[in-house]
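Input: a single structure, listed below in structure tokens.
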Amino acid sequence: MKDFLFNFKMPEHFLVTGDPLIYGAQVSIVLASLAILFVLTYYKKWGWLWREWLTTVDHKKIGILYLLASLLMLFRGGVDALLMRMQLSAPNLNFLDADHYNQIFTTHGVIMILFMAMPFLIGLMNVAIPLQIGARDVAFPALNAVSFWMFAAGCMLFNISFVIGGSPDAGWTSYTPLAGNQLDPGPGQNYYLLGLQIAGIGTLVSGINFLVTILKMRAPGMTLWRMPLFSWSTLITSVIIIFAFPVLTIALALLTLDRLFGFHFFTLAGGGSPMMWANLFWIWGHPEVYIVILPAFGLFSEIFSTFARKKLFGYGAMVYSMLAISGLSFLVWVHHFFTMGSGPWINSIFSISTMLIAIPTGVKVFNWLFTLHKGRIEFKTPMLWALGFIPVFLVGGITGVMLAAAPADYQYHNSYFLIAHFHYVLIGGTVYGCIAGLVYYWPKITGFLLNERLGKWAFWWFTAGFNMCFIPLYIVGLKGMTRRMYTYPAGLGWETWNLIATIGAFGMGIGFIILVWNMIYSFRRGEKDTTGDPWNGRTLEWMTSSPAAEYNFAVIPKVKGLDAFHLMKKERAEGRKEETPEIKPIHMPKSEGFPVVMSAFMFISGFGFVFEWMQIGAFGLLGCVITMIWRSFNDYDRDYYIPVEEVKKTELAAGRRV
Amino acid sequence: MRLKTGYVAIFFTMALLLSGCSSLKTGVLNPQGPVAKEQYDLIMWSIILMSIVFVAVIVLFVYMLVKYRAKSTDEEYVEPEEKENKWLEVIWTTIPVVIIIALAIPTVKSTFKLEKSPSPNQKPITIQVTSADWKWIFKYPEQGIETVNYVKIPANVPVRFELNAVGPMNSFWVPELGGQEYTMPGMTMYLWLEADNPGTYIGRSANFSGKDFTHMQFNVHSVTQSDFDAWVANVKKTAPKQTEAMFKELLKPGLVKEQTYSSYPDVDVNKLDENGKPILEPTTPHHHGTTEETKEEKKPENKSTDSHSHNHHH
């Protein structure tokens, strides 16, 4: 027992050493942390932080936390990308060595998919979905906080790897046997497994939460077929999450057992099958791609319809095509390894199932285009990002169909052609969707608008840089350059294209800086959104004040059809008399401290297991379970009522008629 | 105005890209054998089909943007009651279906065709390829010789590469001769390639396998049959023999130069674990790991190279 409790095996290098970049990062992390602690203490903000943010269960605030975290991760993943592009800007550079480069492409991939794209979209769902369906919060507000803090714990655990213990370096796919203990011992790969596992709990819980929220909490009159497209896409995404994430959980758990406890699921010795990892990973991984694209599709649908000032064209076709995509997303995973010898029958079938996805996706694109037809298109920043999405996503989509043809894929697989393809869909689809959604919902989140001029500069820098970065990568891919090479020899005709790509990447970086600067600038100078409806919106979220009151709606609206708020405005314009519903006391959830405490224990546990300090790991898990048990015995007095007087006061202060 | 600046920027990028197209004729777009040619034709066909989609969408997109952009003259805009159109939905579902059928048929045909020898009437040569950290080992079972980090093949002769790995997976890729296939530990797979002409083609690993993966580049020398035969004879006469100890040394992680051997030891790499050690098969129920050293010596009694190890994956 004593041995178990006090045995701390130290890895060779606990703190990562030997690189000036890392030393710089370590120093700046310590300084930044000290500065934050100082500011919080000096301005006596600890209580505020605890009450307003750490314990909040308000979906709007949790949404903001998600968005802040994902912007930070977009920055981190972007810096990783720029470091890689600098290393590849010319042949035979030694800016990064192989070990460092391998860690960076691994963290870039993991962070961008799991700690940027997904939380960004979940953040936007948090901000918009309850408002859009006319609810006061999500179905399980405290669980929503658990989701966020679990994600935050996993994300922090993954991110500290680059200064403590070393980052994972087997790629975001982490194929075994390379990622097994035999070939890649040490904490790096453990960080991958535990960081993803903990964050994955948060995602799964979010999926359940939004599914129940959308199914059970829609305002009266809002049937499923009157739901806005972003709500539809969130509903469908939640279902995909619920089916796909358990597979990741299992895969990570099996590999963790292999690495920490000497099991043989994926090792050659002992009869394991390394290829099982590739299968499990992509059975989750391909639906994951649709988890991050469908919500973006939903956002684009809202934005096209709003800024073309027209009802979405082919609403039914839009919903059915998303359902088709979500079904197909589970039937194509083998296309990630056509080159692993599955045989001609399997390759043929998965080629065709992959090509089929182009049909519903095409239907969506044409319906978006016809939404513009006979509309009145205003080129506001959110619309610019949505319009920009069409041509770039088209390029990503058609190269995706090219990749679907198995025999051709033998030539594209793992080359930069593939890299260019999935960046065209993930940036052109997901990132454009995230930014479009962020700018669109910015007034609803903060109460003021972003500057249009700066917004357009950000868009054009990003779009020009993006195409300049990734078109050349299609070409070097066809010239035989493979992904994950940390350098390349001269004379293969790759130099110019790589240099152009690097310049383009920096253009994207400038676009990102302008975007962030716009937020800071507008924070002080931005135009106030006094109406709550800055874009002439069509859905219920624009009916509330900006930012929406804690309780969202003083009185839950009655929905009479698709584009409910648009209908109400139309009726008002036609002079139809409105009934003034009576305000009643509003039932709301109280803040809760247990999610953040539980996640802190989870973080401790994860950290312990990363270094194979089983006693710490067990302690953290125990703390987590005890917190849960404590919470379940204290399941009363978790809610309160906002009195009518207070609601009226809040409404009047927001300039609303009561 | 700003929109126009954007178009100009896009135009210049396109122009820049097109000017570089003349140098595109390397790698995948420079097929030098029947396999690469088959894939090249499929790629070109897919590009043609996808160009139709690209042009259709872009034309429609630009048309909508230009025609329906907000103008100061249409402030009186009243939203039209246009919701959906069954015929349009049918059209833009059917046309993609037709395009996909047009792509799927040659795809399936090629998929099956590439499983077989590209020149079925000609006697093939077999070469066993093993990837190890971080090198390529080529064994010629018919000639009994071995090369490391380069491979020589006769031109106009179909080559059946038998692929396997010690340690991590790699992917064996020679773009100008044809698409790739993974090398996987514990499972032999094969890949047909053929070169039309004598020449040297660059190959590399396309799947990340750790620290020095980047340097897993090798040359494929295609020579005439007579030159090939002369080279084999010369190797048999002049090159050193490879002992089992030398082979095991070669499997250790690291980079090595090109090597040539007149013989190679009989080791079934499918029975080696991640670190190149023999996988212990439990022969007696009371087996324990402590006997590893003695086992290791007894082990290489290989039945045959194509024997399914217990890791063979289906």
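One-based numbering along the chain as shown.
Placement of Cβ uses the backbone N, Cα and C atoms for every residue, glycine included.
Feature annotations, reproduced from TrEMBL:
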{"type": "TRANSMEM", "residues": "A:20-43", "note": "transmembrane segment"}
{"type": "DOMAIN", "residues": "A:42-560", "note": "domain 'Cytochrome oxidase subunit I profile'"}
{"type": "TRANSMEM", "residues": "A:104-129", "note": "transmembrane segment"}
{"type": "TRANSMEM", "residues": "A:141-164", "note": "transmembrane segment"}
{"type": "TRANSMEM", "residues": "A:191-215", "note": "transmembrane segment"}
{"type": "TRANSMEM", "residues": "A:235-257", "note": "transmembrane segment"}
{"type": "TRANSMEM", "residues": "A:277-300", "note": "transmembrane segment"}
{"type": "TRANSMEM", "residues": "A:312-333", "note": "transmembrane segment"}
{"type": "TRANSMEM", "residues": "A:345-370", "note": "transmembrane segment"}
{"type": "TRANSMEM", "residues": "A:382-406", "note": "transmembrane segment"}
{"type": "TRANSMEM", "residues": "A:418-442", "note": "transmembrane segment"}
{"type": "TRANSMEM", "residues": "A:454-477", "note": "transmembrane segment"}
{"type": "TRANSMEM", "residues": "A:593-610", "note": "transmembrane segment"}
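Most Cβ pairs under 8 Å to the transmembrane segment (A:382-406), among the stretches A:20-43, A:104-129, A:235-257, A:277-300, A:593-610, belong to A:277-300. The average pLDDT computed over the domain 'Cytochrome oxidase subunit I profile' (A:42-560) stands at 96. Tertiary proximity for the transmembrane segment (A:277-300) is limited to same-chain residues at least six positions away from its ends with a CB under 8 Å from its CB atoms, namely 113, 117-118, 121, 124-125, 173-176, 179, 228-234, 236-237, 240-241, 243-245, 247-248, 250-251, 254-255, 266, 322, 325-326, 329-330, 332-337, 340, 364, 368, 386, 389, 425-426, 429-430, 432-434, 436-437, 440.
Counted over residue pairs 6 or more apart, the CB atoms of the transmembrane segment (A:418-442) and the transmembrane segment (A:20-43) come under 8 Å in fewer than three pairs, which marks the two as apart. Sequence-distant contacts of the transmembrane segment (A:104-129) (same chain, six or more residues past either end, CB-CB distance under 8 Å): 59-60, 62-67, 69-71, 73-74, 76-77, 80-81, 83-84, 96, 138, 144, 147, 151, 154-155, 158-159, 161-162, 167-174, 192, 195-196, 199, 203, 206, 210, 213-214, 230-231, 234, 237, 288, 291-292, 295-296, 299, 426, 430-431, 433-434, 437-438, 441, 444-445, 483-484, 541. Fewer than three CB pairs closer than 8 A are found between the transmembrane segment (A:312-333) and the transmembrane segment (A:141-164), and contact between the two stretches is not assigned (pairs 6 or more residues apart). Cβ atoms under 8 Å from those of the transmembrane segment (A:20-43) belong to residues 49, 162-163 of the same chain, restricted to positions at least 6 beyond its ends. Packing against the transmembrane segment (A:454-477) from elsewhere in the chain are residues 85, 381, 384-385, 388, 392, 399, 412, 415-421, 423-424, 427-428, 435, 439, 494, 496-498, 500-512, 514-515, 517-518, 521-522: each is 6 or more residues past its ends and has a CB under 8 Å from a CB in it.
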